[in-house]
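Undergrad: Pasting in a structure now, in structure tokens, and then I'll have a few things to ask.
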Amino acid sequence: MGIKHLYQLIQEHSPDAIKTGEIKNQFGRKVAIDASMSIYSFLIAVRSDGQQLMSETGETTSHLMGLFYRTLRMVDNGIKPLYVFDGAPPKLKSGELAKRFQRKSEAHAAAEEAKETGTAEDVEKFSRRTVRVTREHNEECRRLLKLMGIPFIIAPTEAEAQCATLARGGKVYAAASEDMDTLTFNTPILLRHLTFSEQRKEPILEIHLDKVLEGLEMEREQPQFIDLCILLGCDYLDPIKGIGPSTALKLIRDHKTLEGVVAHIQSDQKKLTLPEDWPFADARQLFLEPDVCPADAPECDFKWEAPDIEGLVKFLVEEKHFNEDRVRNGAAKLQKNMKSAQQSRLEGFFKPVERTPEEKASLKRKADEKLSEKKKKQKEEAKAKKQAKSKPRTAG
């Protein structure tokens, strides 16, 4: 689910944080991809009759089809993908997962009814809601990635947190996920829409956390941004009814921390009421110190290798009944691209030099002066406008 309305807030307050571009702009970059989110998106790409892609024997193959061809597309555009799978969910998330399972059970019953009485739109809508990524889906995807020579890791808990750790540790350029809580886990750069199909013609969104914080007037070192995300609504806690994005931002700006916000709500319960059990400090700690594999651990020493073409044919063609020509052509292309992947973009050769504290202070001072000058000018313009209005008109 991620963080409710966070993207909307970023669009309003930090538009400079979002860059849009084509997939080819990511050439030469290593990217950590939230595998579970990607697999889910492949599974919900149902056909017009509400059914997923299946083999001749009735097995679902949407996840394998999506993973194989989207990965080929990324490698074809010079990207080095690595996939991160979810581990066990944190205890706080179990309540949210139970609710999701209940919603899917209800949606499954509604989908069956829609097939009998509903429109095509009803069938598709409810079919999407019943989709669940299973252990078997994950195992098959990991088997496919191994045969393709694409590295992967199973996170101790949340895939998004592990992706963020790898990006922060310099193992990859960015974390790729549709879940906005990847930013809450402190990834410097988040890529969205990277695993979308080419037919959707959606641009790749590149969101820079430092610019997000700048627009929201928050510091990276303080947990204000995390507190804002929890208040907006995250996977760990029930949302507070009546708090939308604008209210959440105002509350955090006025009261600085969730402790301050909670005290304010408890002092006047006529307007807002906290859920009965709302352990926000535990949720904050999960974002601040998630259970992850450190970026410098041996498990995070990733290698991209040549694909096992015959192994791919055996798995995808013989077992899953994919078209052999398409699989062989894709595997040959993958092999060729892996060989030429040594060519890297300039960022790999020229590491950015860290600014000195004096340079940082100078830049901040200049930015503050610029802002002060802008406010002064606006004030003078407003004053002149007011004076012009108050002047009596002379008779012509």
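Heads up, the Cβ atoms here are built off N, Cα and C, so glycines get one too.
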Undergrad: Per Swiss-Prot, which of Asp76, Asp86, Asp210 sits in the Mg(2+) 1 site along with Asp34, Glu158, Glu160?
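TA: Same Mg(2+) 1 site in Swiss-Prot: Asp86.
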Undergrad: If Swiss-Prot says Asp179, Asp181 bind Mg(2+) 2, which of Asp227, Asp235 does it name for the same site?
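TA: Checking Asp227, Asp235 against Swiss-Prot: the Mg(2+) 2 site match is Asp235.
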Undergrad: Asp34 (Mg(2+) 1 binding site): which of the binding-site residues Arg70, Asp179, Asp181 is the nearest Cα neighbour?
TA: Asp179
Undergrad: Among the binding-site residues Glu158, Asp181, whose Cβ has the fewest other Cβ atoms within 10 Å?
TA: Asp181
Undergrad: If you run the three-state DSSP split on Asp34 (Mg(2+) 1 binding site), which class comes out?
TA: strand
Undergrad: Please work out which residue of Asp34, Asp179 has the most C-beta neighbours within 10 angstroms of its C-beta, and give that one of the binding-site residues.
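TA: Selected residue: Asp34.
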Undergrad: Summarise the region 'I-domain' (122-255) by DSSP state, stating how many residues are helix, strand and coil.
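TA: Going by DSSP assignments, the region 'I-domain' (122-255) contains 67 helix, 15 strand, 52 coil.
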